[in-house]
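Lifted from TrEMBL, the feature list:
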ACT_SITE  GLU214  active site
BINDING   CYS86, HIS213, HIS217, HIS223, MET231  Zn(2+) 2 binding site
BINDING   ASP154  Ca(2+) 2 binding site
BINDING   ASP172, GLY173, ASP192, GLU195  Ca(2+) 3 binding site
BINDING   HIS180, HIS190  Zn(2+) 1 binding site
BINDING   GLU195  Ca(2+) 1 binding site
BINDING   ASP294, ASP338  Ca(2+) 4 binding site
BINDING   ALA340, ALA383  Ca(2+) 5 binding site
COMPBIAS  476-495  compositional bias 'Polar residues'
DOMAIN    101-258  domain 'Peptidase metallopeptidase'
REGION    258-287  region 'Disordered'
REGION    471-495  region 'Disordered'
REPEAT    286-333  repeat 'Hemopexin'
REPEAT    334-380  repeat 'Hemopexin'
REPEAT    426-472  repeat 'Hemopexin'
SIGNAL    1-18  signal peptide
Amino acid sequence: MNWQPLWLGFLLPMTVSGRALGTAEKEAAVDYLLQYGYLQKTLEGTDDFRPEDIMEALRAFQEASELPVSGQLDDATRVRMRQPRCGLEDPFNKRTLKYLLLGRWRKKHLKFRILNLPSTIPSQTARAALLQAFQYWSNVTPLTFQEVQAGWADIHLSFHGRRSLYCSKGFDGPGKVLAHADIPELGSVHFDEDELWTERTYRGVNLRIIAAHELGHALGLGHSRYTQALMAPVYTGYRPHFKLHPDDVAGIQALYGKKTPDTGDEEEETELPTVPQVPTEPSPMPDPCSGELDAMMLGPRGKTYAFKGNYVWTVTDSGLGPLFRVSALWEGLPGNLDAAVYSPRTQWIHFFKGDKVWRYINFRLYPGFPKILNRVEPNLDAALYWPLNQKVFLFKGSGYWQWDELARNDLSRYPKPIKGLFTGVPDQPSAAMSWRDGRVYFFKGKQYWALNRQLRVEKGYPRDIAHNWMHCRPQTPHTTPSGEDTTPSATGTDH
Ligand SMILES: [Ca+2]
Ligand SMILES: [Ca+2]
Ligand SMILES: [Zn+2]
Ligand SMILES: [Zn+2]
């Protein structure tokens, strides 16, 4: 069943432990621990981790991988790190050794589209494998899946390589990362086109099993700590009589309930205690084409988020992604935010509302948050991260604070006048962010301003938010916010 570790164990027999490791080997291990969330860059912004932090991360990884917990980069650990795996992080459920829930679709009938297929197997075989992957989940839940050939779909499956026009996270060639997916309600499921995708053979990588795993993420499951679970992060190889592990079933049923006769589906809605409950009182759906935004953020993986009232949506080059509740994506976060900012330096997302600040890493609330804002004023207007000095800027009225996330800050010299640093922008912006094109954007009312690297407003601004960012019609032909040429997104959500 679990052939790959045995096979690798045979190829790479245990050597004398404790031998001196090459620096490259050590660096590769640190990269791995960083990439999959065992080690976090939160220290003074250097690349050097303390040995005890690395040992702690190794222990966590070994425990999660059911390896002897030595805290050392031993042979078994290095072998495990070389195994092909899923590209998502391993933020395991720390308190209990079971499935992890990351989000949930608020409907049970989901449409999906297959955008392309791998070249390594006949397309009929590939298609059957993908359909079977959906069936594993629909067999044990009230979920139903319907394939559409065109038009809008909830879940998009596609294969891409090192670079992709519609995904900011390129793959890494054969081996290592096999696939990645978004959590609800985004719906991208991507496979590395450089893998040898196969079916009904021990050769290559089994498309059906990996697709089932990635669909698990797309439906809201995180990684399981059971190495035999489908949702384990490391691929354990082809199994002819593959079935879901009880932990996979328990996880998906905690999200969507058990499979019931058609008539009983809706009753399940009320008894989902483990799911982040979305308030049921009606709240007005915001219209992206009118009114003022609460906040804009260039988030992890290059996704642009627009916040308004209780809702958030992604903004792409070709249109708007699905609208979802703020609390459905970031559990515990209220709507009507003051400001939002993501820092690629620390991976932290900070949300501000009233006198409180929330910190998340991806969609996970950071321990100890929310906190009370005490060194800057409450009720901020906007916030942005400026990559050129790696600082976070907070705005209120006509003033700003500059904050270094990793250093002790003397904020007593703030607020300083916005106009002293940002030339040509209005006071009291409703939102602000640095964007992928290297510009800084300010938003206020229906208009936005673009600033160059000298933080001066460029010629031709302000412009219309609804037209250029929200793709609202009727308007003159399409231009992108930056005026640069962009390619329409195939998934519409994965920017
Ligand atoms: Ca790969
Ligand atoms: Ca605001
Ligand atoms: Zn995964
Ligand atoms: Zn991708």
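Glycine residues also receive a Cβ, built from the backbone N, Cα and C atoms like all the rest.
Features per TrEMBL, on structure.
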| residue | record | contacts (Cβ under 8 Å, 6+ apart) |
| --- | --- | --- |
| ASP154 | Ca(2+) 2 binding site | TRP105, LEU110, LYS111, PHE112, GLU185, GLY187, PRO322 |
| ASP172 | Ca(2+) 3 binding site | ARG162, ASP192 |
| GLY173 | Ca(2+) 3 binding site | GLY161, ARG162, ASP192, ASP194 |
| GLU195 | Ca(2+) 3 binding site | PRO84, PRO118, THR120, PRO174, GLY175, LEU178, GLY204, VAL205 |
| GLU214 | active site | CYS86, ALA179, HIS180, ALA181, VAL189, HIS190, PHE191 |
| HIS217 | Zn(2+) 2 binding site | CYS86, LEU88, LEU102, HIS180, ALA181, ASP182, ILE183, VAL189 |
| ASP294 | Ca(2+) 4 binding site | PHE307, LYS308, GLY309, ASN336, LEU337, ASP338, ALA339, SER430, ALA431 |
| ALA340 | Ca(2+) 5 binding site | ALA295, MET296, MET297, TYR305, PHE307, ILE349, HIS350, PHE351, PHE352, ALA383 |
Based on a Cβ-to-ligand 4 distance below 6 Å, what subset of the binding-site residues HIS190, ASP294, ALA340 would you report?
HIS190
Applying the rule Cβ within 8 Å of the centroid of the Cβ atoms of CYS86, HIS213, HIS217, HIS223, MET231, what extra residues of the same chain belong around the Zn(2+) 2 site?
LEU88, ALA181, GLU214, GLY216, LEU221, GLY222, SER224, LEU230, ALA232, PRO233
If you check the binding-site residues ASP172, HIS180, HIS223, ASP294, ASP338, ALA383 one by one, which have a CB less than 6 Å away from any atom of ligand 2?
ASP294, ASP338
List the same-chain residues at least 6 positions away in sequence whose Cβ sits under 8 Å from the Cβ of HIS213 (Zn(2+) 2 binding site), in sequence order, or say none.
CYS86, ALA179, LEU230, MET231, TYR235
Does any of ASP154, ASP172, ASP192, ASP294 have a Cβ within less than 6 Å of an atom of ligand 3? These are the binding-site residues; tell me which, or none.
none
Are any of the recorded positions ASP172, GLU214, HIS223, ALA383 near ligand 1, with a Cβ under 6 Å from it, and if so which?
ASP172
Determine, from DSSP, whether HIS217 (Zn(2+) 2 binding site) sits in helix, strand or coil.
helix
Taken over the repeat 'Hemopexin' (426-472), the predicted model's pLDDT averages 91
Here are some binding-site residues: CYS86, MET231, ALA383. Which one has the most Cβ atoms within 10 Å of its Cβ?
ALA383
